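Have a look at the structure below before the remarks.
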Amino acid sequence: MTTKDYPSLWGFGTTKTFKIPIEHLDFKYIEKCSDVKHLEKILCVLRSGEEGYYPELTEFCEKHLQALAPESRALRKDKPAATAASFTAEEWEKIDGDIKSWVSEIKKEEDKMHFHETETFPAMKDNLPPVRGSNSCLHVGKEKYSKRPTKKKTPRDYAEWDKFDVEKECLKIDEDYKEKTVIDKSHLSKIETRIDTAGLTEKEKDFLATREKEKGNEAFNSGDYEEAVMYYTRSISALPTVVAYNNRAQAEIKLQNWNSAFQDCEKVLELEPGNVKALLRRATTYKHQNKLREATEDLSKVLDVEPDNDLAKKTLSEVERDLKNSEAASETQTKGKRMVIQEIENSEDEEGKSGRKHEDGGGDKKPAEPAGAARAAQPCVMGNIQKKLTGKAEGGKRPARGAPQRGQTPEAGADKRSPRRASAAAAAGGGATGHPGGGQGAENPAGLKSQGNELFRSGQFAEAAGKYSAAIALLEPAGSEIADDLSILYSNRAACYLKEGNCSGCIQDCNRALELHPFSMKPLLRRAMAYETLEQYGKAYVDYKTVLQIDCGLQLANDSVNRLSRILMELDGPNWREKLSPIPAVPASVPLQAWHPAKEMISKQAGDSSSHRQQGITDEKTFKALKEEGNQCVNDKNYKDALSKYSECLKINNKECAIYTNRALCYLKLCQFEEAKQDCDQALQLADGNVKAFYRRALAHKGLKNYQKSLIDLNKVILLDPSIIEAKMELEEVTRLLNLKDKTAPFNKEKERRKIEIQEVNEGKEEPGRPAGEVSMGCLASEKGGKSSRSPEDPEKLPIAKPNNAYEFGQIINALSTRKDKEACAHLLAITAPKDLPMFLSNKLEGDTFLLLIQSLKNNLIEKDPSLVYQHLLYLSKAERFKMMLTLISKGQKELIEQLFEDLSDTPNNHFTLEDIQALKRQYEL
């Protein structure tokens, strides 16, 4: 009922407020009225009492309005402010006590501040700078105009205008102006450069420093740079800040005090690495000190951060022009020196000079060396660079810049490699071994690399990059035979580019190095740093996470991941992980730690004969070959052969943690849990924080039904790396099994005894202690040789429970796919809700899994429940990789799908029609 249903026919008038007809203030009208807004107006009029006080009618209106609109604002009632009478005695005593204690604390704080002001600031009055007054203004010719002329000047004759020289008079005016603008700086000597901050709080120091800095800014803007330096110095003495150092550096540049400005810039970069203003100002000081290469580096870093910085672009062009001019001049001088060296053939220091000559990149002659030097250097012609982490080798202050040490042998910055690679490198180097002194020549890749290492250590990164580029050019024709050596050279050149600020060049070289040697730690780290410098935080995060898969104990990568995760959270919100590119899974074959027996042998037996070196190289080669064969066997799921390969590796070197963890993985795949646990124990003795060892030992304990120990190890894994989702899922599974074991211990024991007897009959004495009842799904999923380990008549079937998440479903379906068990797969589909199928499959839909699902639906499920088959086919088409899978299946598999749809069409059912089947066939591109 609305207001239009009751027109004002009786003429009783309307209310003053809202103009409501009087007859609407009635029980019957209010009871039938459904207009909430009108009822609110009526209630407002009744409460105001302008038409009389009707408590029952008001209450009735409130109840009716509450029934129609419980959230109506008109139902709210004003509540008076609480007083002491509103509380109990205990409550009021507590409130009153809190207020009194707060008042007393505030008074104490005020007294402290007052006492501090009266005690501290009088002592500082002597140290404060003078108040600016008339005496600090510019003295514009005060003495010249202070005295009155005693006699009036007589007017000049008109003839004197003929002698008037306009140019001279203009010159006098200019000189007079310069004299007038001389600033009186006598007051600067009275200002002390330091402020006494004894007894001041941090807030007061900050206030004083800010005030002095603002004074310096005023002086700088007025052109008085000396006064600006003075006030900036006072600000720094009160509280050193990046802004004050930066401003003082700019003022020093204006005064052309290059050394002071350089020191201030260095201080800024210590406090805030990567500060753009400091880099730009340090580049200016480098330019005026004729340190052009250093200026180029700083300007490149500025342009990487701010590509549109016009001042940096202009300065860089000037520096590059000066650098080209200086290089042209130095080349002319060098050529003259080389002519002198070539003329003197029998000088005593010929060897040293010719060595310098070839290091400079010119000349055709080689330095005279003993005949054995080339043979001694041959095994390490293209050795590996020393295995130092980027954070340690390149962190800290920049090394002192200077000329590289001359006359170094190729071993100075390189590890040893196999003779086969050495010979390949020598062949690629253009016959470096063809001359007696081919160990250090410019055509020798090892010599170029050694020179590059020395230049890098001395801080000459551009020259080092040139040497590495020359070595790469010599080795590239050799092809994949020396891929590892080329990868090292690309990685070294990437380090040079990273130091120079050429991040794009660094990324390109790291990509090339990773193509030649996948999952190499140094290129991954350097590429991550370059991405982070370019503010491509997502790509940097992925690279750091990949590095942590190789070595989880690397502190540099851990810190970077934590820092980047916070940045990405701020940029992309809580769902930032969804925007990342997928993190590549590092194969189990990639070792956690690098081992270099040849390097150890050289460090211990530096003076041994070449036969000992050859033995170390042979051991390393054998070890590496066996490990790679074992890794390949793991990739092929041939775990027994991989087991023997890793065991052979441990005979050569039993201190390699990665071999123990890899062999433990093989034992887990073969369900030899006790042996897997022992290998994990050995790995943890070598590296007590190894995540893989803890995780695999937890799986071994789970297989041995030691759920409590498995729980402890999984908690350690999550503590070391909370991002491992598999560990969290395993933790949930083990917790569930532990609770189940506590509840049904007698039944579990009977079941266990019965299954042990079956295992002894079927599998003999190979695995006497294997508990098959609680075999981990990971073991079943990854066991490719399932058919070979069981006889075809084996009656044991895989126990299948309803999966709760994608991980459990994936483990079960992988195990079924390995066993080709269509009946069990049909049972799994029967207990799985079709709508959950896309979520469970996730992005793991593979060809063999897809074929197994289709075969199970066709052979085992269509006769029992056609509607369930239709639902599964419908939701299977919504899986992530479904469209891609359709492009990869064979013609025979397509015919199998067509037969399934034909059987589905021939089966009558009320849950779907022929049109539905035809539409679904179009989804399957049939």
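Quick reminder: no glycine exception, Cβ is built from N, Cα and C everywhere.
For the residues Ser423, Ser589, Ser647, Ser856, the entry in Swiss-Prot flags phosphoserine at a single position: Ser423. Swiss-Prot marks one residue of Ser189, Ser347, Ser611 as phosphoserine, namely Ser347. The predicted model assigns the repeat 'TPR 3' (276-309) a mean pLDDT of 89.
The DSSP breakdown of the repeat 'TPR 2' (244-275), given as helix, strand and coil counts, is 25 helix, 0 strand, 7 coil.
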